[in-house]
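This report refers to the structure that appears directly beneath it.
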Amino acid sequence: MAHVITRINAREILDSRGNPTVEVDLETNLGIFRAAVPSGASTGIYEALELRDNDKSRYLGKGVQKAIKNINEIIAPKLIGMNCTEQKKIDNLMVEELDGSKNEWGWSKSKLGANAILAISMAVCRAGAAANKVSLYKYLAQLAGKKSDQMVLPVPCLNVINGGSHAGNKLSFQEFMIVPVGAPSFKEALRYGAEVYHTLKSEIKKKYGIDATNVGDEGGFAPNILNANEALDLLVTAIKSAGYEGKVKIAMDVAASEFYNSENKTYDLDFKTPNNDKSLVKTGAQLVDLYIDLVKKYPIVSIEDPFDQDDWENYAKLTAAIGKDVQIVGDDLLVTNPTRITKALEKNACNALPLKVNQIGSITEAIEACLLSQKNNWGVMVSHRSGETEDVFIADLVVALRTGQIKTGAPCRSERNAKYNQLLRIEESLGNNAVFAGEKFRLQLN
C-alpha cells in the first residue's frame, strides 16, 4: 500500500535561545509526523542558507515567516500525493527543482531556505519509518545502506565549559568537552559525564563564586576563565575528583574563524577585549605549536575548528603533526558539504566531519556527506546546534549511521538531554544488539 502525503503544515516556533525556527507537521494515512530544525550561533560562511525574514519589527529580524510561506505555498502543493517512502526523490525535488539555487560548493538553498527544506526532509523520514513499520534509526540505517542487525551507540561529547561566541568571559576557545570513552555502555557514559559535570560545578563555585555556575546556550558553564590552560586544568581536576581519570578524555571546539583576522592572517586569542593583549595575537604556525603543546599536556582526543574556514594550509600542518592520535574536526571548513569534504580529502586538511544536518539542508545530502567521510576512514561526529529544539532526530541518526560519537551539549537543559534520553531508550530497545563505541569512537562499524 502506498503511503502518500496528504497534508503539510509549517509553523513558527521558538528554539532554545528564544529565536524563531521552523516546525512542520506532515500527514499521511498513518498519522501526523512532526519535525523542527535547529540553528547555529557561530555559523560557517559556506553553510546552506538559513532563511530569515530580516523584518526588524518582528523578533528583531529573526522571524521565519518567509520559510513558512515557502513550505505552505511552494513545497507542500508539489509534495502532496507523493509516497513518503521516496526520501531521495522528495529531497532532490525540493533541493534541485523547487529551489534550484547553486554556488561553487553545490546546492545553496538560498531561494526556499535550508530551514524550510530540512524540516520537510526530517518529517518525511519519520513518515517513511512508520510506513516501513520500523523505528526511525532502523529506517535511517536502511536509507544509508547500513545493516540494521547491529547498531552502534555513540560516545557523548558533553560541552561543559563555554567560551568564544557562546559566552561573555574572555576565553577565546568556544567549547571544552568531556568524552567518557572508558565507559562500558552509553548509559554508563552518560552517568560518568553527569557526575563529572556536577563535580566541575562544585569546583567552579569554589574557585570563581556561585555566579560562575550559570549555564550557557548549550548547558555548559562560563566562568571568568582567561585562557585554555585554565579551562583544561579545571576539567582535569573535575575528572580526577569524580574518579574517572583515564576513562574520561577531553575535546575542544576552538571555532577559530570567530577570531581570525583575514587581512593579516592572524588569530586574536584576546578578541573579546577592546584593547587586546598583542602578545595573544598568533600566527597560524604559532597556533599549530600551541595545540601540539596542549595535546602533550592534557588528555585531548579531538580538536574542532582549530583554524579559520579558509586556512587549509594550517589545517593540513596540524593534521600531519598530531592527526594520528587526535581527531581534527573541520566544522566551518566542511559545513557537511560533500564538495568541501572532497577538497579536504585532497589536501589532507583534517580527519573528521561534524555532521550537522542544517548546514547542508536535507537528510539525503547529510547521509551522502557521512558516507563519503566514512569511506575515507574519517571520524564523523553527529552534532547539534546552539539554538536547539526538543526534536531528537539526531539521536536516531547517530545510531543509524554508526558514527560512534555525538555532540549535543552538557547533561543539562531539556533540549540537550532530550537527545541523550532518546539514546538511552534506543540502547535499551536494542538490548544485546547494542554496541557502545567507547575507545573506538573515531572509526566505527561502517
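Just so it is clear, glycine is given a Cβ too, placed from its N, Cα and C backbone atoms.
Annotated by Swiss-Prot as motif 'Pentapeptide insert', the relevant range among 89-93, 104-108, 334-338 is 104-108. Annotated by Swiss-Prot as motif 'DKSLVK motif', the relevant range among 25-30, 277-282, 301-306 is 277-282.
Among the candidates D233, D325, D331, the residue that Swiss-Prot annotates alongside D253, E304 as binding Mg(2+) 2 is D331.
Going by what Swiss-Prot states, the substrate site holds H166, E175, E304, D331, S383, H384, R385, S386, and the candidate of K138, K201, K205, K407 recorded there is K407. Note: the Cα of K138 (ubiquitin cross-link) and the Cα of E218 (active site, proton donor) are spaced 28 Å from each other. Neighbours of K133 (N6-acetyllysine) among the recorded positions Y139, E218, T339, K375, defined as a Cα within 10 Å of its Cα, are Y139.
Summarising the environment of K138 (ubiquitin cross-link), the number of other Cβ atoms within 10 Å of its Cβ, over all protein chains shown, is 20. The closest partner of Y139 (phosphotyrosine) among the recorded positions, by CA position, is K375; the full candidate set was E218, T339, K375.
Fewest other C-beta atoms within 10 Å: among the modified residues T339, K375, that description fits K375.
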